[in-house]
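For reference, the structure discussed in these notes is given below.
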Amino acid sequence: MAPWAAAQLWALNPLRALWLTLAAAFLLTLLLQLVPPGLLPGCALFQDLIRYGKTKREGQSRPAVCRVFDVPKRYFSHFYIISALWNGFLLWHLTQSVFLGVPFPNWLHGLLRILGASQFQGGELALSAFLVLVFLWLHSLRRLFECFYVSVFSNTVIHIVQYCFGLVYYVLTGLTVLSQVPMDGRNAYVIGKNLLMQARWFHILGMLMFIWSSVHQYKCHVILGNLRKNKAGVVIHCNHRIPFGDWFEYVSSPNYLAELMIYISMAVTFGFHNLTWWLVVTYVFFSQALSAFLSHKFYKSKFVSYPKHRKAFLPFLF
């Protein structure tokens, strides 16, 4: 472990503790799914909680008590509406603070202090946090566009707990980014307002990685959407088919892989050394790996001719 990471792990603030807990929870869940069937007692409620969309049990195999908590999967758009509004709001305040010297509202910098924003900020650059917040906002806008104009949602569902977590997730993510901004002792004014003088090589690299990952994720969502449309772009069914093209040639869920790469691009933009964001990346890795693994199992069980060389999440590895 890098010395800077080891030193910072000894002083977990609330945000780091939260992301570490989430990452550990999803790691444990993934490991439980990797255990061969029959070695551990099954739990329908647990399985229903961790699955969504096509990977949920269909028909009468799901207990009635589980179906009570169903929410349409098309409500995914709500996550990105909240994210676009909230992170746009945070970006507006950060822009005002950086360029106009306007302090954050009292309630906002008070909340950031509670989350631990006043700790470990000596080595951060304001430009890094500004760019990452821009990336997060643009990512939310693109995903919102895809929900309305690219994706074709069937009548599949998600659990109400997953829905509520999704609503909170991007609020928490935006606050995590903002908490990395170097500020004065009162956590009200941004330190280092001359952003152009802060530009580093890793900002360029992070931006290129973000664009590259976003383009591939968009392509994958277009491929998935087109499986349910005719050549004129009209939706003709909501069945599942085997996707081909782009990163689908390597993994079953390249959209999840691209999501991970997007968050890694943000870690690069932070200069590689931001422990808080690497904990976010760790959570994203295990949560997306879990979803990809369940999706991979679905494809393999449904299609006899499913390509055997495809992995679930990481090309050639997993």
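Including glycine, each Cβ sits where the backbone N, Cα and C put it.
Keep in mind the model is a prediction, meaning the values are calculated, not measured.
Residues or ranges marked as topological domain 'Cytoplasmic' by Swiss-Prot: 1-19 (among others).
The transmembrane segment feature in Swiss-Prot is assigned to 20-40 (among others); the stated evidence is sequence analysis.
Under the heading topological domain 'Lumenal', Swiss-Prot lists 41-80 (among others). With a cut-off of 8 Å between Cβ atoms, the residues of this chain six or more beyond the topological domain 'Lumenal' (41-80) that come close are 29, 33, 140-141, 143-144, 147-148, 153-163, 166-167, 169-170, 240, 290-291, 294-295, 297-298.
If one looks beyond the transmembrane segment (81-101) by at least 6 residues along the same chain, the residues whose Cβ comes under 8 Å of a Cβ in the stretch are 108, 126, 129-130, 133-134, 136-137, 140-141, 144, 167, 170-171, 173-175, 177-178, 181, 189-190, 193, 195. Here Swiss-Prot flags 81-101 (among others) as transmembrane segment.
The topological domain 'Cytoplasmic' annotation in Swiss-Prot covers 102-119 (among others).
Positions annotated as transmembrane segment by Swiss-Prot: 120-140 (among others).
Taken residue by residue, the topological domain 'Lumenal' (141-156) breaks down under DSSP into 9 helix, 0 strand, 7 coil. The topological domain 'Lumenal' feature in Swiss-Prot is assigned to 141-156 (among others); the stated evidence is sequence analysis.
Per Swiss-Prot, the feature transmembrane segment maps to 157-177 (among others).
Averaged over the topological domain 'Cytoplasmic' (178-194), the predicted model has a pLDDT of 71. Sequence annotations record features per position, and here Swiss-Prot assigns topological domain 'Cytoplasmic' to 178-194 (among others).
Nonlocal intrachain contacts for the transmembrane segment (195-215), taken as residues 6+ away from its ends with a CB within less than 8 angstroms of a stretch CB, comprise 98, 125-128, 130-131, 135, 138-139, 142, 258, 261-262, 264-272. Per Swiss-Prot, the feature transmembrane segment maps to 195-215 (among others).
Here the topological domain 'Lumenal' (216-265) has, by DSSP, the following mix of helix, strand and coil residues: 27 helix, 3 strand, 20 coil. Swiss-Prot lists 216-265 (among others) with the feature topological domain 'Lumenal'.
Taken from Swiss-Prot, the feature transmembrane segment applies to 266-286 (among others), supported by sequence analysis.
Same-chain residues lying 6 or more positions outside the topological domain 'Cytoplasmic' (287-318) and placing a CB less than 8 Å from one of its CB atoms are 22, 26, 29-30, 33-34, 50-52, 54-55, 240, 242, 247-253, 256-257, 259-260. Under the heading topological domain 'Cytoplasmic', Swiss-Prot lists 287-318 (among others), citing sequence analysis as support.
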So how many of the residues in the topological domain 'Lumenal' (41-80) end up helix, strand or coil by DSSP? 25 helix, 3 strand, 12 coil
For the topological domain 'Cytoplasmic' (287-318), what does DSSP give as the number of helix, strand and coil residues? 16 helix, 1 strand, 15 coil
As a quick check of your reading of DSSP, tell me how many residues in the topological domain 'Cytoplasmic' (102-119) are helical, how many are strand and how many are coil. 9 helix, 0 strand, 9 coil
